[in-house]
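Novice: Take a look at this one; I'll ask things after.
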Amino acid sequence: MKERPIRIVSIYPTLLGTYGDGGNVAALSHIASLHGLAADILTISPGMVIPDDADIYVMGGGEDTAQVAAANALRASGALTRAVDKGASVLAICAGYQLLGHEFPDADGNAAPGLGLLDVFTDRLPKRAVGELAAEPIRAGLTSVTQMLTGYENHGGATHLGAGVTPLALVTSGVGNGDGTEGAITGRVIGTYLHGPCLVRNPLLAETLLGWAIGQHLDPIVEDAVEELRRERLGSATMSK
Amino acid sequence: MERVNTSLRTKLAVTAGRLAAATSRTLGRGEGMVVGGKVTLGLSPHALADLAGGRVAALVSATNGKTSTTRLLATAASQAGPVATQSTGANMTEGVLWALANGPADAPAILEVDEAYLPRVLAATRPKVVLLANLSRDQLDRMSEVAMLARKWRRMLAENPDVVVVANADDPIVAFAAEKAQQIIWVAAGQEWTADSSVCPECGTLLSRDGTDWSCSGCGRARPKTSWQFEWEKTGTAVGPDGQRYDLASLQLPGRFNASNATMALAVCAELGLDLAKAVTLMSTVTSVSGRFATVVAGSLRIRLLLAKNPAGWSELLDIMPPAPTPVIIIINSNDADGRDPSWLWDVPFERLKGRTVIASGNRRRDLAVRLLHAGVDAVVIEDPFAADAVLPAGTRELAVIDCAATYTAFQKLRDPSNEELAL
């Protein structure tokens, strides 16, 4: 196990944190401590230098104007791309997911350039997707997540996957990418429409990210309160199907 | 001639609406206001404009505090005679219509309006003044995102240039929404929650902040110069454009946010030509507003009811709760009127409740329990904490009154247990 703490970077929560996504960073920190792992959280505001040598980068959802501002700042910095080249992992939710792709729609519906870290592009869904989202992970060994993914989606984007990515999961209830798949993954870069927050409701995904950071598989630790929440939410997603 | 017909039609429609409301009440389905309003509007689509008839003194809108601010303002304005206003927090089209149709006839009206409904209600009622206090994330499954809502307000003021705007200059989103109006009274009313106004709503540049001052290096927009100031040091003081100070220490509604609400109400009173010293005296008689801050009996407990429905509201409420280890009850629902997605719980600094046990309830009590687990706050999850046999944390039953913060539908249910439409 690594001696130094796991370095977690929360990217622009002031721009990308509209839907409680700050909970993902809280969950990483909480679950790390359950496993006896030390974690350092670095919160980056626009204008600050983003380090390119951290272990896990987390981005949330945000409004259109803020999303464009975040994408522009990240493209100008280049740090995220360098960090991914060095083996860091990225978890990006909703607007954060969209801006990792090649392009996404801005407030006026025009295509804005993304980072190109995921081979996807996003345009608009005919109708905004709002509601519980449940999806079955694709069992290709890309993550150690074997249980259903649960979350809440609230987005107007249809995300189209290219050959360079694999879907993270297949939708069983809700909209996700818009074509029956949900999220995208390549290497250690993950994009998803799961709010909830995602890692609170899906601790196995947090354990995947933490495991990558320390270079060893983490055996899941189950917390009763979280299990009860998962059961309730997955039940309600099935009911509203 | 057309006008007379329209007015007669509205009168008949109001009568039909009252009948529908009475039927709804008889059937035990709440106060019947929404049903009555719907019937009236169905029969006379221009009923709102007819009933307003040039007598609307002020509309009040904001994400947080609109019900309290409206009550403070309406009470202050009662110095000049009867006022038509809502008796409950019903603030969409039907609620506004009901207050006009059933309040004192021809009296000046002071009405709160849901932020998403404000453009159409303002266009129909043509108020003298509109008070715009704050905008932040709330019910994101129903509302537009915050910047989108601000653009709608901005368009509304461009289309209705006669209305006098009283606006909070400390909220950059409100300032953006208000700035194109022809007559604006800027109030330095403060802004506790800044997470929804980190970037310029016009150009997307990160705003520079220095205390309450803010500016945008991208497009040059900056906090407007204010004519009314709000000061807070344990109690509030409002300072008028002429430097006159109004001590708000006698307000009975608790907290910094209510003193700030009173300051904005006072600025509206000045525009309406009311006596401001009398306004402060009258505002100080308000003890609770549609159940907010009221002490009520709920099953086997006496509770102080707090409405807590979004992160900005919560960050203010945490300040007025008694210190640890006093337990508190928190009820989180996700029915339609609460917003379907409670992930905003992760934006609330619940860490500040450490050192006490929280009684977690509501149909989303499991979300709350996990949030509190991560915050390091002890919690017990209880479906019905008001049941006589509920197992509550030690000391709870010995409290004379326990704070109970609840989302909208849970709050309404506790206020009025007969309201069966809003299940706990």
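The backbone N, Cα and C atoms fix where each Cβ goes, glycine too.
OK, TrEMBL features for this one:
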- A:Cys94: active site, nucleophile (ACT_SITE)
- A:His195: active site (ACT_SITE)
- A:Arg128: substrate binding site (BINDING)
- A:7-202: domain 'CobB/CobQ-like glutamine amidotransferase' (DOMAIN)
Novice: If you skip the near sequence neighbours and keep only those at least six away, which residues in the chain come within under 8 angstroms of the residue listed as 'active site', Cβ to Cβ?
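Specialist: Set apart from the residue listed as 'active site' by at least 6 residues yet with Cβ under 8 Å, we have A:Tyr19, A:Gly20, A:Asp21, A:Gly60, A:Gly61, A:Ile93, A:Cys94, A:Gly151, A:Tyr152, A:Glu153, A:Asn154.
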Novice: What does DSSP assign A:Cys94 (active site, nucleophile), in three states?
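Specialist: Looking at the DSSP assignment, A:Cys94 (active site, nucleophile) belongs to neither helix nor strand, so coil.
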Novice: Measure the Cβ-based neighbour count of the residue listed as 'active site, nucleophile', defined as the other Cβ atoms within 10 Å of its Cβ.
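Specialist: Cβ-Cβ neighbours of the residue listed as 'active site, nucleophile' within 10 Å number 27.
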Novice: Any same-chain residues 6+ apart from the residue listed as 'substrate binding site' with CB under 8 Å of its CB? Would you list them in sequence order, or say none?
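Specialist: Counting only residues 6 or more apart in sequence, the Cβ neighbours of the residue listed as 'substrate binding site' under 8 Å are A:Asn154, A:His155, A:Gly156.
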Novice: Could you please provide the mean pLDDT value for the domain 'CobB/CobQ-like glutamine amidotransferase' (A:7-202)?
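Specialist: Overall, the domain 'CobB/CobQ-like glutamine amidotransferase' (A:7-202) comes to a mean pLDDT of 94.
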